[in-house]
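A.B. asks: So TrEMBL says this about it:
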| type | residues | note |
| --- | --- | --- |
| COILED | 84-162 | coiled coil |
| COMPBIAS | 225-247 | compositional bias 'Basic and acidic residues' |
| COMPBIAS | 248-311 | compositional bias 'Basic residues' |
| COMPBIAS | 327-354 | compositional bias 'Basic and acidic residues' |
| COMPBIAS | 367-382 | compositional bias 'Basic and acidic residues' |
| REGION | 225-382 | region 'Disordered' |
Amino acid sequence: MPGILHKWKQGDTTRQRIKFSDDRVCKSHLLNCCPHDVLSGTRMDLGECLKVHDLALRADYEIASKEQDFFFELDAMDHLQSFIADCDRRTEVAKKRLAETQEEISAEVAAKAERVHELNEEIGKLLAKVEQLGAEGNVEESQKVMDEVEKARAKKREAEEVYRNSMPASSFQQQKLRVCEVCSAYLGLHDNDRRLADHFGGKLHLGFIEIREKLEELKRVVAEKQEKRNQERLKRREEREREEREKLRRSRSHSKNPKRSRSREHRRHRSRSMSRERKRRTRSKSREKRHRHRSRSSSRSRSRSHQRSGHSSRDRSRERSRRRSSKERFRDQDLASRDRDRNSRDRSPRDRDRKDKKRSYESANGRSEDRRSSEEREAGEI
């Protein structure tokens, strides 16, 4: 009891320390097909597996595999393939040993003996099925299978009679052995029904059948998943190549037709600017509408106030307009005089000199003309 408790505690600590994805965990055990578990308690018991076996880890894997594909089928397939290959090698060695120890027989006799072996195998499988149905309580189905067993026994008696007639009496009495192709166990040609039922319904033979069927299923699953992954990989590669070709085509078209690309950019810029201008116009129109609405409302209010004020307000406005007009005339005259003064001040000294010279010249000419006219008058008088 203390040893079992220590082993349980050790397994519990191991499960807490590692996860199902760890390399130390048996992937065949997670898929419920490890030969160490299947053949446990048979004459070919392999003992404990070198890797970790834990039902809790298997439960964790079954839950996690619903959301993610860990592809543990490949590891389990490799494990079962190596085990079945060893079993097949043992079968071939046993066949060679029997061929060396037993008497040499012709091909015709060997075919008749093979027919007897096949009927023995059929009877053994049917008897194992009868026992299974009886244990389950299915009596009617068990009785139907027993009828098939009786038919197979009759065929076996006929095949044995044919084989006996083709062999000498001394040779027929010898025990002819055969190696089972499934579990590599030895089968006798003259085995009784009880022996055949024990073999074909035994845990060793059924365990090997389970392992071989599981191996075929794993091969199919692995092939499908590999094909799916290859297709996905090929699809991703084609997408990358298509993207690269598209980039190369765009770069070439851009290098060959820079004007076209510029015109496209210009059109894009123009469309953007036009859209912005439309937005501005719509905003300005909305503002104008609001302003018009406000001005109309204000004008209506002013008109109403004018109507209420009456004739007195009109007289006041007329008086104010007259005062404004007189003030404006005085202001205009004042401005005109200021402009004349400014223009006179803005004249340059050169212009002043020129005007002064002109005045002096005119005055001098005037005096000479006066003198000339006075002299002429005096001469005329004389």
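Backbone N, Cα and C define each Cβ position, glycine as well.
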A.B. asks: So which residues does the compositional bias 'Basic and acidic residues' (225-247) touch in its own chain, when a touch means Cβ under 8 Å and the partner is 6 or more beyond its ends?
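C.D. replies: Distant Cβ neighbours of the compositional bias 'Basic and acidic residues' (225-247) are 69, 71, 73.
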A.B. asks: Within the coiled coil (84-162), what mean pLDDT does the predicted structure show?
C.D. replies: 86
A.B. asks: Using DSSP, what is the helix/strand/coil residue split across the compositional bias 'Basic and acidic residues' (225-247)?
C.D. replies: 23 helix, 0 strand, 0 coil
